[in-house]
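The following features are taken from TrEMBL:
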- 17-75: domain 'Large ribosomal subunit protein uL11 N-terminal' (DOMAIN)
- 80-149: domain 'Large ribosomal subunit protein uL11 C-terminal' (DOMAIN)
- 384-418: repeat 'PPR' (REPEAT)
- 419-449: repeat 'PPR' (REPEAT)
- 450-484: repeat 'PPR' (REPEAT)
- 485-519: repeat 'PPR' (REPEAT)
- 520-554: repeat 'PPR' (REPEAT)
- 555-589: repeat 'PPR' (REPEAT)
- 590-620: repeat 'PPR' (REPEAT)
- 627-657: repeat 'PPR' (REPEAT)
- 695-729: repeat 'PPR' (REPEAT)
- 730-764: repeat 'PPR' (REPEAT)
- 765-799: repeat 'PPR' (REPEAT)
Amino acid sequence: MSTLKEILTRRPVAATIRLTVPAGGARPAPPVGPALGQYRLNLMAFCKDFNARTQKYKPDTPMAVTITAFKDNTFEFTVKSPSVTWYLKKAAGIESGSGRPGHVIATTLSVRHIYEIAKIKQSDPYCQYMSLESICKSIIGTANTMGIKMITIPSPLIKSNNNQIKLFLGLEEAAEDVAINLKRRQFLTHQVGAKVISGFPMLKLPHPWSWTLSALSTIQTHIHLESLPRLYTRFLSSSSLGVPSDDHIVHLILDQKSAEAALETFLWASKLPHFTHSQSTYRALIHKLCAFRRFHTVNQLLDEMPTALGMPPDEDILVTLVRGLGRARMIPDVIKVLDLASTFYKTPSLKIFNSILDVLVKEDIDLARHFYRKKMMSTGVQGDHYTFGILMKGLCLTNRIADAFKLLQFIKSSPVKPNAVIYNTLLHALCKNGKVGRARSLMNEMQDPNDVTFNVLISAYCKEENLVQALVLLEKSFSMGFVPDVITLTKVLKTLCILGRVGEAHEVLERVVSKGGVVDVVAHNSLIKGYCRIAKVNLGQRLLKEMEHKGCLPNVDTYNILISGFCESGMLDSALDMFNEMKTDGISWNFVTYDTLIKGLCSKGRMEDGFKILELMEESRGGSRGNISPYNSVLYGLYKENRLEEALEFLSKMENLFPRAVDRSLTILGFCEEGRLEDAKRVYDQMTREGGISSVIVYDCLIRGFCLKGCVQEAVEVMNEMVGYGYFPVTSTVNAVLGGFCSQGKVGSALELMEDMVGRGCIPDGGSYSLLINAFCRNGDVQKAVMLLLQMLQNSIIPDDMTWNSVLLVCLSEGRERLMSKKGLHVNKLLDRITKTGNVGHE
């Protein structure tokens, strides 16, 4: 209770201001500036005092500050550490707590975390009179509301009150406790231990130091990083872990995520008892600094190395610097590394020259050539295979083939003879530019071609579909003991399968396997696809079983290829069995699986099964992935069965998934119905330019509309596009085009179209033949009319009365004698059939 004196001397309060300000980051800017400025408080005094109070915390830690502003323009403020919730989330490494605390556990924390958070919170004004036990219990209650499970708290920790407590109840117990939590969060591995707690990165150490530092990370959560090396050194020196090796420190430095952390790690290692830095640790640090473009610091390190190590930096360190400058595109500084090397060595090594040359080649081949002439040749530096390989690579990458040949001649005249790498680089450039014959001649000059040589040329011949030369080189490579790599093998298999020589492809694959070559699932898939292409799907399925016996597991593409093959062969039940087998084998269906099977089922009239697979696709995680193809396949199936009303209804239901495509399709159908073919074609062309694929209903409507308008050529173009997407028109649509040609007197074009559609699998009906027969009869072409009539009868299609009458009238007008003299035998057969079928027709 306040005394009377305190009440009488109490200053009048103008306002109470509550802010969240980052530790050590108070500035006379928002939010501090506007909040204090309106009460005319001394901003600089507040910022200076606040930053001084919070300097022990990690920068940018959110600190809750309550400012009491008095009417005489003075102020007082209290600072609280971040909320318990913030500490718990940082210690657990999570963004938020559990959505269902008590049911779902977000993570776990050990008692050490609670203890250290409680020690920090004890310094808050409102907690300074609370016991450590009470604060720990309060924090545990908060953790429970966040779904954070606590590891059992040892009783000595809770009952020890404010006494000085040892952090660990034995190092083994602490390590086990922390390791359980870190393993749950997948932060502890056998190779590297890592910890991020309370807003600052902790050092990563290789095993076995990882568990020690992970446990130590809870000591003072927000104490500045500068105090950590002392703690690490003390614990390492008091333990039996021994002195870390150079490799441990190198991996530790390379694992850091910033230049500052790498430097801090390097300085920390310097203070370890009995540890001395080496060239390798300096090289690791320089590599990290170059990655963050801290080249000024790199120069300082290079200057101190002769004193610190008693020796200058080795060539590997300077090569690391060259590559770092090259990645930063600091080309002039790359060249200056030569001068830097001259300060340490009498003559820079060839390795340094080559590293600079390699960077320059990637930047500018002319600059690289100038460097070679002025800095290497003129100073007597003799290049090696690596030097000339770099120059050859630069010339070939810029397609300067003529200069590359000049360089090859120069190398031949030098003490360094061209090796296979130099030749292969030039061979690859020649093949890339389509000069495979010249590459083959160059190969004949090589004394020792290697497997890469054959792989380059065989792949090039396969690209040109010159299978003869590819197989000749393949045989030669076998005879020299080489085996093609898996990429080259796959190209050979694909080329053979495209040409229908699947059996030979299978023999090549078996031969490569027998010689110990690598054959992956992609190569097998190419062969299986070849079998499916020649309608031998069962052999492809047998190859699938052989793959599994050899230990090469099939992937989703393997099954998709077989499903497609079964569908194209009409073996729909086998396709469905393969679909179900994928689930049994643990291979997830993807969009291609659904799309292939839906298309196969719907195009072959299995609409109910197609709808079931479509439903499975929609229930899957990926769905159609915004692809309209499966839905167009359903429309195609309905169209082939002449279920046009159902097709239009299905198209309307697609609007929720594909509003733009459906809207344009309905617009085109509306224009066609109104006879506005130009507008319909305009919308169709726009849709095609934007990459959209029209449905079969749109194609059919456009074809019929153009035929009615007499625009038969436009109808044929649309029909070709329709067939190009795998949608074959029904016979009535083809008849509309045939009728259009016949009405224009282009009977020959109509006949060619019908023959083409028959070759594509479209079966003409009586209407198709009648249109052409009547047209030929009107033109007086009796022979073609008779031949079509015979073909019609051979296909068991009975002509209608009009067709009979047309043929008979033409025959009578031409005269029986003349017709008999040209095709007597055929006409006798024709008359016999007319007699037989005519009676049937009249019955």
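Even glycines carry a Cβ here, placed using N, Cα and C.
Note: TrEMBL annotation is automatic and uncurated.
Residues 420, 423-424, 427-428, 431, 434, 436, 439-440, 443, 491-492, 494-496, 498-499, 501, 508, 511-512, 515-517 of the same chain lie 6+ residues outside the repeat 'PPR' (450-484) yet bring a C-beta within less than 8 angstroms of a C-beta in it. Within the domain 'Large ribosomal subunit protein uL11 C-terminal' (80-149), the DSSP-based counts of helix, strand and coil residues read 34 helix, 6 strand, 30 coil.
Sorting the repeat 'PPR' (384-418) by DSSP state (H, G, I as helix; E, B as strand; all else coil) yields 26 helix, 0 strand, 9 coil. Contact between the repeat 'PPR' (627-657) and the repeat 'PPR' (520-554) is not supported: fewer than 3 Cβ pairs lie under 8 Å, counting only residues 6 or more apart in sequence.
The DSSP breakdown of the repeat 'PPR' (627-657) into helical (H, G, I), extended (E, B) and coil residues amounts to 25 helix, 0 strand, 6 coil. When pLDDT is averaged over the repeat 'PPR' (520-554), the result is 90. Across the repeat 'PPR' (520-554), DSSP helix (H, G, I), strand (E, B) and coil residues number 27 helix, 0 strand, 8 coil.
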